[in-house]
Amino acid sequence: MSLTVVSMACVGFFLLQGAWPLMGGQDKPFLSARPSTVVPRGGHVALQCHYRRGFNNFMLYKEDRSHVPIFHGRIFQESFIMGPVTPAHAGTYRCRGSRPHSLTGWSAPSNPLVIMVTGNHRKPSLLAHPGPLLKSGETVILQCWSDVMFEHFFLHREGISEDPSRLVGQIHDGVSKANFSIGPLMPVLAGTYRCYGSVPHSPYQLSAPSDPLDIVITGLYEKPSLSAQPGPTVQAGENVTLSCSSWSSYDIYHLSREGEAHERRLRAVPKVNRTFQADFPLGPATHGGTYRCFGSFRALPCVWSNSSDPLLVSVTGNPSSSWPSPTEPSSKSGICRHLHVLIGTSVVIFLFILLLFFLLYRWCSNKKNAAVMDQEPAGDRTVNRQDSDEQDPQEVTYAQLDHCVFIQRKISRPSQRPKTPLTDTSVYTELPNAEPRSKVVSCPRAPQSGLEGVF
């Protein structure tokens with residue numbers, strides 16, 4: 001009797017061991033994806049089927065019963081790399097491991113694994129409220145929104161293999177959005193976030209990712225010190241350098257300025273006094289501002305130290321004492337554009353006046369030259385015509401004085417000049433055996449009959 005009971009108990013144990021996985025027991029494999037379940041279109045993903053008792057062979061299948069040729073009748077070992085992925089690869093997957101000692105030869109189905117393919121719609125926008133720089137223990141709201149009427153929004157942190165958070169989109173004023181609450185913040189929640197959207201009937205075919213948003217947690221390490229060289233008060237145009245230093249061996253220093261969304265970062269350099277320092281050159285000073293610096297380690301780039309004490313940099317000799325904040329209205333930018341227009345208009349007017357002055361000067365010069373030519377005696381012009389008609393190899397050069405300017409003339413011998421005396425009041429002097437030459441002599445005002453100048 002006891003032997004029969006023992007035999008039946010053994011049979012029941014083996015039957016239960018084979019049936020337990022099929023009944024949803026703990027003896028089922030675990031399916032995971034590396035590097036992430038969120039895969040960009042055209043990318044690759046590695047699917048791994050794990051089993052606590054260990055096996056090397058497994059098979060994959062898709063729950064929506066769509067035909068995937070690469071899975072049909074195939075047995076995989078350790079892992080399977082799927083890609084380049086297309087929208088058809090999006091969906092829910094499971095795996096079964098090979099179990100030689102089970103009744104069916106295969107384990108129970110694994111956990112469902114959702115593979116989401118991105119890049120199928122226009123990207124949404126991601127904002128942080130109250131901001132991306134927060135203290136440990138605070139709560140931040142990440143708002144994902146788009147003018148595309150997405151049914152669901154997904155929030156994913158880079159570097160983790162967990163499924164992204166999912167919320168139903170709310171539509172207001174032609175915009176769909178979802179608010180993801182994260183907190184209380186801890187170092188494990190710091191990192192780079194992106195969000196996606198999906199439309200109805202294609203829940204796992206996601207949009208392109210939003211621009212990355214870094215959520216930084218501060219206040220976990222000792223604060224550094226911030227100083228200015230040559231000092232916090234400088235003249236306009238003077239070079240300024242801000243130095244951030246600490247006894248802690250920070251790898252990176254971050255410099256932020258009030259009113260600016262972006263920070264500057266530099267690698268820390270060990271100094272002789274055993275401090276770690278980074279020097280931020282700001283260049284010629286034009287405007288003042290309030291600065292702070294933080295320290296961080298390379299292993300946790302989004303976990304920063306406490307803020308340094310604020311440092312106010314003042315610039316003297318400059319009418320502006322601060323930069324316009326990016327959150328202020330763009331009226332100041334409009335003033336700059338208006339100033340450029342005024343400067344350009346002034347330059348055009350100046351060039352136009354200069355051109356008019358030049359044309360007027362040319363016109364006056366031409367008019368004066370024409371008046372001088374009109375004042376030349378008729379006899380002198382007649383002599384010139386005769387001179388052109390009769391060419392005598394023996395020529396005499398004369399110089400005519402007219403208003404203290406001697407003008408070169410070439411005429412015939414005196415015997416060939418007209419007999420009628422000329423009324424020209426010009427005075428001539430004969431220069432025999434000399435090369436034709438004209439000489440201009442400046443002289444003071446004198447009677448027209450006088451002759452001044454030396455030949």
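Any Cβ shown, glycine's included, is placed from N, Cα and C.
Shown in sequence order, Pro29, Leu31, Leu47, Cys49, Phe58, Met59, Leu60, Tyr61, Pro109, Ser110 are the residues of the chain, 6+ apart in sequence, with a C-beta less than 8 angstroms from the C-beta of Cys95 (disulfide bond). Under the heading disulfide bond, Swiss-Prot lists Cys49-Cys95 (among others).
Residues annotated as disulfide bond in Swiss-Prot, with similarity to another entry given as evidence: Cys144-Cys195 (among others). Proximity of Cys144 (disulfide bond) to non-local residues of its own chain (separation of 6 or more, Cβ distance below 8 Å) is seen for Pro124, Ser125, Leu126, Phe153, Leu155, Lys177, Ala178, Phe180, Cys195, Tyr196, Gly197, Ser210, given in sequence order. According to DSSP, Cys144 (disulfide bond) is assigned to a strand segment.
Annotation source Swiss-Prot lists disulfide bond at Cys244-Cys293 (among others), citing similarity to another entry. All protein chains included, Cys244 (disulfide bond) registers 26 other Cβ atoms within 10 Å of its own Cβ. In the three-state DSSP assignment, the secondary structure recorded for Cys244 (disulfide bond) is strand.
Here Swiss-Prot flags 137-202 as domain 'Ig-like C2-type 2'. Helix first, then strand, then coil: DSSP counts for the domain 'Ig-like C2-type 2' (137-202) stand at 3 helix, 36 strand, 27 coil.
Annotated domain 'Ig-like C2-type 3' per Swiss-Prot: 237-300, in sequence order.
Cβ neighbours within 10 Å of Asn179 (N-linked glycosylation site), excluding its own Cβ and spanning all shown chains: 14. The feature N-linked glycosylation site is assigned by Swiss-Prot to Asn179 (among others), with sequence analysis given as support.
The feature N-linked glycosylation site is assigned by Swiss-Prot to Asn239 (among others). There are 12 other CB atoms within 10 A of the CB of Asn239 (N-linked glycosylation site), with all protein chains counted. In three-state terms derived from DSSP, Asn239 (N-linked glycosylation site) belongs to an extended strand segment.
The Cβ neighbour count for Asn273 (N-linked glycosylation site), using a 10 Å radius over every protein chain in view, is 8. Residues annotated as N-linked glycosylation site in Swiss-Prot: Asn273 (among others).
On its own chain, Asn306 (N-linked glycosylation site) has Thr218, Gly219, Leu220, Tyr221, Glu222, Lys223, Phe294 as residues at least 6 apart in sequence with a Cβ closer than 8 Å to its own Cβ. The annotation N-linked glycosylation site is assigned in Swiss-Prot to Asn306 (among others) on the grounds of sequence analysis.
Residues or ranges marked as signal peptide in Swiss-Prot: 1-21.
Residues or ranges marked as topological domain 'Extracellular' in Swiss-Prot: 22-340.
Annotation comment: Swiss-Prot describes 341-360 as transmembrane segment, evidence class sequence analysis.
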Over the domain 'Ig-like C2-type 2' (137-202), what is the model's average pLDDT? 94
Out of Asn179, Asn239, Cys293, the recorded positions in the record, which is closest to Asn273 (N-linked glycosylation site) when you go by Cα distance? Cys293
Rounded to the nearest angstrom, how far is the Cα of Cys244 (disulfide bond) from the Cα of Asn179 (N-linked glycosylation site)? 36
If I take the alpha carbons of Asn239 (N-linked glycosylation site) and Cys293 (disulfide bond), what is the distance between them in whole Å? 19
